[in-house]
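Structure first, commentary second.
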Amino acid sequence: MSESVHTNTSLWSKGMKAVIVAQFLSAFGDNALLFATLALLKAQFYPEWSQPILQMVFVGAYILLAPFVGQVADSFAKGRVMMFANGLKLLGAASICFGINPFLGYTLVGVGAAAYSPAKYGILGELTTGSKLVKANGLMEASAIAAILLGSVAGGVLADWHVLVALAACALAYGGAVVANIYIPKLAARPGQSWNLINMTRSFLNACTSLWCNGETRFSLVGASLFWGAGVTLRFLLVLWVPVALGITDNATPTYLNAMVAIGIVVGAGAAAKLVTLETVSRCMPAGILIGVVVLIFSLQHELLPAYALLMLIGVLGGFFVVPLNALLQERGKKSVGAGNAIAVQNLGENSAMLLMLGIYSLAVMVGIPVVPIGIGFGALFALAITALWIWQRRH
């Protein structure tokens, strides 16, 4: 294991390979665990509106810890922070396996994920620089989405076989991620910062203000937040849409449909890495608008094959849209507030959007609005929101 403090800027350095492997296993566990736990809720006869609540407690951990996790990522070697965070995920998954309340166990996984995210993205700026940063983001997103593809399917398929087996597979994936983290080089950190919680909160709010007052980073924050809020809501919408629109009631089919989105995002992320630079980020905006349009069209489908094709298209558009926004925020944020703090602020925005959208979706399901009209309204509103963001960006 290398302990070098020097950065090897090669896109395929030993450290970068370890980051990608750890990211894949951790994201695999996250996505398999979601569908395995949803199957557990279904088996234990929880109400349908409680399904998005599961994700809400997960993202709630992100929001509550947002003022602190960025400084943690910047104050310690990011590879070690990632290892600790994956250990928390392992503990959360294991607790669900052993019969602890699934909402409590999933909250613990959320705490681990909150600590993990600033470190996993912040380390990219330490392992590579300049023009390779967008490509590194493309690799990171491709790894994550490949994990979403395989993890989602594995979670659903294994849960149809036996829920406990699915949960155990998630714990095993997190354990593998912990091992992979050991091989990430121990790069220089920024120790010596205050650990007073009030001061940390104030510092985080200052970072929020700094990024929000910069037009480029504000644009990136809003765009990425809208995308990920919509993405997680679509995932839960599919769980209810499949039996209504397609008449299929198993756990696996929604995961197959989610996998189509994942495949598309891998393609879109690769295209963005080749076609978009930090100077041409606005090229991604038409793709964002089209996401909403295609979601609207998708909601009206009643056949499986068109549903697969449209969801893959949504993924392609999504990958092309979000990868340049992530790279822009990391590059500008690293120079102003530190990479870890920049990603922590991004997480706050994204997870606040998720919490809001999931809350609205859960409320809509609770009051009895049919899932197809929910999907139509969701797609239309997303397209309008991205259009408004693009108009604002061009004017400023």
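Please read every residue number as a count from 1 along the shown chain.
Glycine is no exception: its Cβ is also placed from the backbone N, Cα and C atoms.
According to Swiss-Prot:
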- 1-17: topological domain 'Periplasmic' (TOPO_DOM)
- 18-38: transmembrane segment (TRANSMEM)
- 39-52: topological domain 'Cytoplasmic' (TOPO_DOM)
- 53-73: transmembrane segment (TRANSMEM)
- 74-90: topological domain 'Periplasmic' (TOPO_DOM)
- 91-111: transmembrane segment (TRANSMEM)
- 112-144: topological domain 'Cytoplasmic' (TOPO_DOM)
- 145-165: transmembrane segment (TRANSMEM)
- 167-187: transmembrane segment (TRANSMEM)
- 188-225: topological domain 'Cytoplasmic' (TOPO_DOM)
- 226-246: transmembrane segment (TRANSMEM)
- 247-255: topological domain 'Periplasmic' (TOPO_DOM)
- 256-276: transmembrane segment (TRANSMEM)
- 280-300: transmembrane segment (TRANSMEM)
- 304-324: transmembrane segment (TRANSMEM)
- 325-342: topological domain 'Cytoplasmic' (TOPO_DOM)
- 343-363: transmembrane segment (TRANSMEM)
- 366-386: transmembrane segment (TRANSMEM)
- 387-396: topological domain 'Cytoplasmic' (TOPO_DOM)
Do you know the DSSP helix, strand and coil residue counts for the topological domain 'Cytoplasmic' (112-144)?
28 helix, 0 strand, 5 coil
Could you check if the transmembrane segment (226-246) is in contact with the transmembrane segment (167-187), meaning 3+ Cβ pairs under 8 Å among residue pairs at least 6 apart in sequence?
no
With DSSP helix as H/G/I and strand as E/B, how many residues of the topological domain 'Cytoplasmic' (325-342) fall in helix, strand and coil?
16 helix, 0 strand, 2 coil
Which residues, given as numbers and ranges, are at least 6 beyond the ends of the topological domain 'Cytoplasmic' (188-225) yet have a Cβ under 8 Å from it?
5, 66-68, 70-71, 74-78, 126, 281, 285, 288, 321-322, 325-326, 328-329, 332-333, 336-338, 341-342, 344-346, 348-350, 352-353, 386, 389, 392-393, 396
Surrounding residues of the transmembrane segment (91-111) on its own chain - C-beta under 8 Å, 6+ positions past either end:
29-30, 33, 37, 40-41, 53-54, 57-62, 65, 164, 167-168, 170-171, 174
Helix, strand, coil residue numbers for the topological domain 'Cytoplasmic' (387-396) per DSSP?
9 helix, 0 strand, 1 coil
Distal contacts, the topological domain 'Cytoplasmic' (39-52) - CB-CB under 8 A, six or more residues away:
96, 102, 155-156, 159-160, 163, 166-167, 233, 236, 239-240, 251, 358-359, 361-363, 365-366
Whether the transmembrane segment (366-386) meets the transmembrane segment (280-300): three or more C-beta pairs under 8 angstroms:
yes
Residues of the same chain, at least six outside the topological domain 'Periplasmic' (247-255), with any C-beta under 8 angstroms of its C-beta?
35, 38-39, 42, 152-153, 155-157, 159-160, 238-239, 304
Which bits of the chain, at least 6 residues beyond where the transmembrane segment (343-363) starts or stops, bring a Cβ under 8 A of a Cβ in it?
49, 51-53, 55-56, 59-60, 62-63, 66-67, 69-71, 73, 114, 117-118, 121-122, 204, 207-208, 211, 220-222, 224-226, 228-230, 232-233, 236-237, 326, 329-330, 333, 337, 374, 378
Mean predicted confidence [pLDDT] for the topological domain 'Cytoplasmic' (387-396):
86
State the non-local partners of the transmembrane segment (53-73) in its own chain: residues 6+ outside its ends, Cβ under 8 Å from one of its Cβ atoms.
34, 37-38, 41, 81, 102-103, 106-107, 109-111, 113-115, 117-119, 122, 193, 197, 200-201, 203-205, 207, 232, 236, 338-345, 347-348, 350-352, 354-355, 358-359, 362
